[in-house]
Structure formats: structure tokens, C-alpha cells
Amino acid sequence: MMAAAAGEGEAEVTREVISVSTEKAFEGKALPAWSEQITVRSLVVSAVLGTFLSFIVMKLNLTSGIVPSLNVSAGLLAFFLMKTWTSALERCGVFPKPFTRQENTVVQTCVISCSSIAFSGGFGTYILGMSKKIAEGFDEAEAKTSINVEEPSLGRLIAFLFLVSFVGLFSIVPLRKIMIISYKLTYPSGSATAHLINSFHTPQGAIQAKHQVSILFKSFVGSFLWSLFQWFYAAGPGCGFSSFPTFGMVAYSRRFYFDFSATYVGVGMICPYIINFSLLIGSVVSWGIMWPYIESKKGSWYDAGLPKSSLHGLNGYQVFISIAMIVGDGLFNFFSIVLRTAYDLYLKRRGGASKQPQETPFAGATGTERQVLSFDDRRRTQVFLKDQIPTTIAAAAYVLLAAISVVAIPHIFRQLRPKHVVWAYVVAPLFAFCNAYGTGLTDWSLSSSYGKLAIFIFGANIGAKDGGVVAGLAACGLMMGIVSTASDLVQDFKTGYLTLTSPRSMFVSQVLGTGMGCIISPMVFWMFYKANNIGMEEGFPAPYAKIYRGIALLGVNGWDQLPRYCLRFCLAFFLLAIAICALKEVAKQRGWWIQDFIPSALGMAVPFFLGSFFTIDMCVGSLVLFLWSRSDPVRAHTFAPAVASGLICGDGIWSLPSSILSLANVNPPMCMRVFSTATNDKVQLFLRTLPTPP
């Protein structure tokens, strides 16, 4: 989801044709050696920002599972902190080395690789899906046995992440020149980040960046103070502004309300309009139409006495219909990108054999039509090929890490056998290449789709009696860890290519950032896990953890346990998701005007299970951006990302002091609740029966 929302938004940046040479502006500046691009100050700033953003990503991951791209936030904050560092030293009479765009790129890479572990590490998906808290929401006795439940452990989490997160880096290194130089893949998010960094280090761009940082800081402070204010009124479940029935009590019971979350207002400002529109459509279809209808069949389609969490009741429809849409969307995009990748590679090979340039359907996406290298391309290619990363070392490192994992991972998750890990590491490089190539074409990472595929295959192969639920989820983590980091690395190579940053320094910064993330993210998760109601509607619902466990249960048990007509609904919405994706793809290829108005099937699926409260927040964010763009398009384009980032960061970082207060048993002093008139009358009658306090 993260890649989906971020990719559609950031791709717009790279569609602009830049006619002025970027590298001519930097021609007089000396290019630092790769070892000089990685400095102590860059690592310190990376660790601080990585921790900061990890809290934000973790909170988003555990609430809705929708995490937008934070590249703009990371870029602005890295530039601001590094400039502040150097300016402070200069005022003290110490003149450090100049802050270059190469060092800026290293910080950006390190920060994003660190904070992305909070997402790809599975804390809101497969790791939490193994836990007893999530398993208790499913009434399958077989899935609650000890063999199918694994409680998170801080030491095991860190060890597992170290084992799986580095392998993907080495699997894709030998193909970096093919991806960046030969195929000239665009990697829209990486290119957008590079253009942002390049602009910071021009005189005009530096001035604009200072204004953006100022706006971001003001937005951050306002968001943080608003979260602090809300905390005082949230003493219990259903208390505070986050439970305010904005549209009335009936709508509130259907999860239609505005919960005053600055985070999701900011997310709504960053995500494309069509994503927010898709969420709203999904909310109306599910909570406005479908669930009330199915609930009216209580006692006929399913037992009326079942608890809310039972998969044999309404919850079963909610979970598995949303899974059907997510899987349908994922499978379509998976096969679409695999076929596009294979066809594009075939045309390139045929074109190379005939020595004639071939026009491909995706030439606009890959940029293969360039025949004469510009000054910028020649300069960037020269730098990119200068500092090599030996292929033999990368291959040896992959084999060594794979061998260690084959021995160690079965000790971390006893449900996985060494042969399962071997098979995963055999096919992972192929999937890593497909995902990295597809991301370069479309800016859409399918790492979660490969993970879901692993859940089905390994879960079904092992079976419920031998721990197939946990084994499938662990295999999902293994596959996602390899595939996700591989595509992230090539994306960063593209950023380095466009900023004349050495690929060797980029690789080292990615390794260092990943190492930081493997320690920081589990510790951040552990604080959330111990201090909050993870998996509960009041707190952090972690919807994708339930969905991933539901997928694992389907893998080991099949469809037999579903309530009446649920399979038919699942099939219908599975086909609907494929039809929507197909229509969107055809409209895009043919240039139909309706392409921008076709909703995202994945976006529609998320509120099917979670509800509509965050959807309203995101639509408010879209409305704010729309009105701002209509009244002042230039300032909106320049400063809206900074305002949105500040809203996200301020509310997100409040989770740190909030968790500390919770661990210290410091609770909010007041509870603000809204009752209907009838309920209020009952409350008043009850209060009159209580003795008057002295």
C-alpha cells in the first residue's frame, strides 16, 4: 500500500521534461571520493532521523496499514539538520567540510532504509499475525495451538531481521548496471528524490528549502500540541475527540466519523486524490451497504450468538472479502508487471541482436528511446561506473548469508525446516529481479504480493498440524525482506546516479541504514506492543496483521470454514478487483480520459475491514489540498508536502511520550464522551441514584 500511494503521487514529478542541464550547474564543484561522502555527522543525523521516522511509520502501520512516502520529509529534515550542524560549528569558529549533495543523498538513503524496516519488517503484518493477541480474534481451535502461535520476542525479532534484511542487498548488486545504465529504468520515486536533493544545493533551491522547513516545523508543532490536547480527554475506551460522532450516532456505529487525526489529514494531502476517493467508495459500499445487509441475515446465514471476532460470523465476511479484493488486485498487478517485464526484456534482446532500436509499448516508461547521451548522462554514467562493487564479493556474501539463515531461521521459527529456507533462497533472487525491474517501470513494489504467495505455498505444504500458519507467515517475512530491500537498493542507486553519488557509498549507506533499522524498529515496536492495545479497535487495530493471519488460515484449512455465501461474495469481489485493475490498465494504455477517475481496488478493500474513520480524515486532507490549489496553486505545489509532513510527524512523534506515559501508568485525567438522547437520560437517572460526594 505504501508503494501504491507513494508511487502514483511521486511519479508526477518525474514526468516533467528538464531541458536545462543539471550537472552544468555543479561543474565547478569538486566531486568527493566515496569514502568522504560517508561522514560521522551523516551517520549521527541518519540515526536520529531514522528513529524519528520509525515511530511515525510504526504508528501508521499499526493503525491503518497505509504508509505514504516520507522521502520529502526525510529530504527536508536531513538538509535542515545538516545545515544547522555546519552553521553551528562555523559560529563556534570551526569550519567543517562543506555539506554536499552527495552527503545529502547518503543521509537520505540511510534514513529511508532505516525507517523502511518498520514497514517491511512485518510488525503490522506477519510478525503480529503470529501473536496470541491476533490469534484470539480467530476461533479456529487448531490455529490457537502452541505450534500455530509465536509471541513476539525482542531478541528473536532483531535476529530474524538481521538474517533476512541484508540478503536482498547482495542479490541485486550484480544487476545494478543493467538496471540503471543499459535499461535506463526511470524509478520515479528515486528520480524525484534526486531532483529534490539537486534543487536543495542550488542557491535558489536552498532558499526555498529553508521556507519549506519553516512551514514543516510550524505544522509539526501544531500537530504535536493538538495530539497533546486530545490526550487529556481520552481516559478510556470511546473517550476523546477520536470518538466524536461527527455525522450522528447511527453513522458512528457504522464507523463513519471524523476522528480529528492530524496524521491522516496529512496522509490525505500526500496521497493522490484517486486513492482517497477509492477509500471513500470502499467505505460506502462496505459499511454503508454490505455489512448492514449481511448483519440483517444474522440467525439465517450465521449463528446470532457468535462473538464479534468469530470468522464464522460477520467478521468472516469482513476479513475474507477484503482479502479477496487485495489478492485479486495483487495477482493482476503481479502478472501484469511480470508479463511487461518479460516482454520488455524480449524486445530489448531482439533489438540488441538486430542492432536496431526497438519501439516497445513501455518505451516511455523506461526511457530506452534515447540515442544520444547528453552531457548529464555522460557525466553520470562516468561516475556510476567508477566505483565498482565486485560481483564475486556480492555472490559470496549472498551464499554465506543464505547458509547462515538455513541453519539459524529454523531455530527462530521451529515450524520452518531447513529445506523450506533453502527453497526460499533459491527463488528469491528471481523474484527480487522481477520486483526491482517492475518497480523501475511502474514505481509499484509488489513485495507484499510475493509475501502473500509465500504464505499460501508454504502454509499449504506444511499444514496446520505442523505449524503451517506460523511457517507461512515466517516464509512471508523471509520473502518480503529479500524482495523489498532489493528494489529499495536499485531505487537508491538511481538516486545516486542522478546526484553523482558513488554507488559504493550508496551501498554502504544502505547497509548501515538497514543495520540501524534492524535494531531501532524492533525496539520501537516493542514499546508500542507493551504500552498499547495492539490488535484492539480501541488503540492500534493492526488490520493487516489479521488479514495476513486470515490468508495463512486459508492456506492451511481451505474455504470450508467460511460462513454461508461468503465464498460467493469473495469470488465476486475477487473478479471485481481484477476487472477494475484491467479497466484502469486499458484506459491508461489507450489514453482514455476516464483513467484518472477509475478507483483503486486495493484502496477500496482497506476500509472493508477497518472502517471509515481514517477515510474521512484523508478526504479532509484532499479537500484542504484541493481548495489550497484552487486559491494559490504555486504555494500549494511548493508547501503542501511540507505541511502534510509536519502534520504526520507531529502526531506520529506524540506516540513516543504517549507510550512512555502509558508504561509509567500515567493516564489521561478526563473522559469526554458523546451519548444519544436516550442513553443520556439513562445515564442521568443512574447518576441520581449515586450518593452525593462529601
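Backbone N, Cα and C atoms are what each Cβ position is placed from, and that goes for glycine too.
Per Swiss-Prot, these features apply:
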type: TRANSMEM; residues: 38-58; note: transmembrane segment
type: TRANSMEM; residues: 62-82; note: transmembrane segment
type: TRANSMEM; residues: 154-174; note: transmembrane segment
type: TRANSMEM; residues: 215-235; note: transmembrane segment
type: TRANSMEM; residues: 265-285; note: transmembrane segment
type: TRANSMEM; residues: 319-339; note: transmembrane segment
type: TRANSMEM; residues: 393-413; note: transmembrane segment
type: TRANSMEM; residues: 421-441; note: transmembrane segment
type: TRANSMEM; residues: 506-526; note: transmembrane segment
type: TRANSMEM; residues: 567-587; note: transmembrane segment
type: TRANSMEM; residues: 608-628; note: transmembrane segment
type: TRANSMEM; residues: 643-663; note: transmembrane segment
In contact by Cβ distance (the transmembrane segment (265-285), the transmembrane segment (38-58); 3 or more pairs under 8 Å): no
Tertiary contacts of the transmembrane segment (567-587) (same chain, 6+ residues out, Cβ under 8 Å): 317, 320-321, 323-329, 331-333, 336, 559, 594-595, 598-602, 604-605
Contact set, same chain, for the transmembrane segment (393-413): CB under 8 Å, 6 or more residues outside the stretch: 150, 156, 159-160, 163-164, 166-167, 170-171, 173-174, 421-422, 425, 429, 470-471, 474, 478
Folded-back contacts onto the transmembrane segment (154-174), same chain, C-beta under 8 angstroms, at least six residues removed: 117, 120-121, 127, 389, 391, 394-395, 397-398, 401-402, 404-405, 408-409, 412-413, 425, 428-429, 432-433, 436, 477-478, 481-487, 489-490, 507, 510-511, 514-515, 517-519, 521-523, 525-526
Non-local residues, at least 6 beyond the ends, that sit with Cβ under 8 Å of the transmembrane segment (265-285): 4-6, 8-9, 60, 66, 68-69, 223, 255-256, 596-608, 611-612, 614-615, 617-622, 624-626, 640-641, 643-648, 651
Leading contact stretch, 62-82, 215-235, 319-339, 421-441, 506-526 vs the transmembrane segment (643-663) - CB distance under 8 Å: 215-235
Among the ranges 62-82, 319-339, 506-526, the one whose Cβ pairs under 8 Å to the transmembrane segment (421-441) are most numerous: 319-339
Distant-in-sequence neighbours of the transmembrane segment (506-526), which means Cβ under 8 A and at least six residues beyond its ends: 34, 38, 42-43, 46-47, 50-51, 54-55, 58, 105-107, 109-118, 121, 123, 127, 152, 154, 157-158, 161-162, 165-166, 169, 173, 389, 485, 488-489, 492-493, 495-496
Distal contacts, the transmembrane segment (319-339) - CB-CB under 8 A, six or more residues away: 286, 290, 311, 434, 438, 441-442, 444, 446, 448-450, 452-453, 546-547, 550-551, 554, 562, 566, 569-571, 573-578, 580-582, 585, 600-602, 604-606, 608-609
